[in-house]
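Colleague: What follows is a single structure, and I will ask about it in a moment.
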């Protein structure tokens, strides 16, 4: 535990404008309902531009045509991205068919994007289709409440179909945590579902009238898999089992990856171990962590508002003691746990329940019908006959779960027919990931999703050239320092700096338990590949048995490990 810099429990000073917006929003209503009927613009204006995020949407535009439209004196082509709340990533085939049809009929791009937070996004919903989108989700038994902005976001849960009973228990807790921490305001139901307006004052007993200081992310993790990247999250419940039965959780708090270029007061941070709790205290601890962050988080500076900064300011032990006090629970010592990897097991695996589970690799999570590979149609065809469920993974893949032996051949035939199973996909491609970035993300500084496939092809060539064709490096590209692509937990992480330029980070590990350090700043893809070629050449010759690339570059002295990111993340480390 690190108590080097204890500071004030509450940061004084002028509140950020985001706090004003929330306090004046009437519990997230704003004037969204009126704005919906304003046909003079395709977007939401004023505070509503940000308030719609609490309702699961971001206002975006097509940046590929932004300049062209400006020349024509037209406003940007505004469209919304809508993100579903899907704790643990489980969705039924019937629900899938509903979202498949909506994407085809009512979005500009016609695609479904599986995210690395185990849900799906629609991109390109025009303003007139926004309300029908929410109503469709509601008809399917889904919603988009609290999938963005200053609330507890979609709760992740390890996708472990083999240990079916344990996964089911963990998944149930992910759902309970999600429901417990949801906003209580009726704004979502009133605006999107035409719920009757009730003459009572809204109350937010957990989140408070101005909600949280910043976004808050929660996971339920089943070791030895760390597919959900717990160190990217504010609150983590690491499953502890006895004889295959869930008995409690190790609790880790204060992870997070987003930074701001040029601002050394921002840094990534691994989550800190608080201790072990039995199952019965799970919701009390979740609530206590959230309310402590609600009350102590920095509301004067949004760049310094996340839980990780609160922990560094007040000290881990102080924060932990407050959580114990609020929950009326004392943490026990952490129970032993270990992570061995993060990747999904692509292909068929048989669970202890004798059912089969097929993990389909979906490059960058983008389901669309491409020439010769009708991926989106293929998943829909599987949904028409599948009797189990679908599970969206934190690696942006799709699991067809709970397949009886008699249906296995038929489902595989459909998957192969539509290009969803490809025996030629390399381990390197399976272990590479990017955020959406251009053309829809307004924060994008460099390409990510559109850049990754060809970049991976070139990395595959380097591995093959050095006799490592069957090896892989955990490779991630994020289009800006907000870090949605989780590049700052990769062995090789690219963080977008400008169009065509990235900061290159090296030295994470395969398990996702070490933050990579910046090795080169603001360089091109060609420069990155040249460095990769040189270092992979050394890795091929000098590595120990089963030594991953990230571990190798640390051991070989290419770069020093990040030990305490709040203090050493920006230390300059010259290559040896």
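Yeah, the Cβs are placed from backbone N, Cα and C, and that goes for glycine too.
Pasting the relevant annotations from Swiss-Prot:
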BINDING   435, 441, 480, 484  [4Fe-4S] cluster binding site
BINDING   484  siroheme binding site
Colleague: What are the other residues, in sequence order, whose C-beta lies within 8 angstroms of the center of the C-beta atoms of 435, 441, 480, 484 at the [4Fe-4S] cluster site?
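Modeller: Apart from the listed residues, the neighbours are 436, 437, 443, 444, 448, 478, 479, 482, 483, 485, 496.
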Colleague: Counting only residues 6+ away in sequence within the same chain, which have a CB under 8 Å from the CB of residue 441 ([4Fe-4S] cluster binding site)?
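Modeller: When sequence neighbours closer than 6 are ignored, residue 441 ([4Fe-4S] cluster binding site) has 60, 435, 479, 480 within Cβ distance under 8 Å.
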Colleague: Just to verify: the residue among 435, 480 with the fewest other Cβ atoms within 10 Å, which of the binding-site residues is it?
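Modeller: Per-residue Cβ counts within 10 Å for the binding-site residues 435, 480 bottom out at 480.
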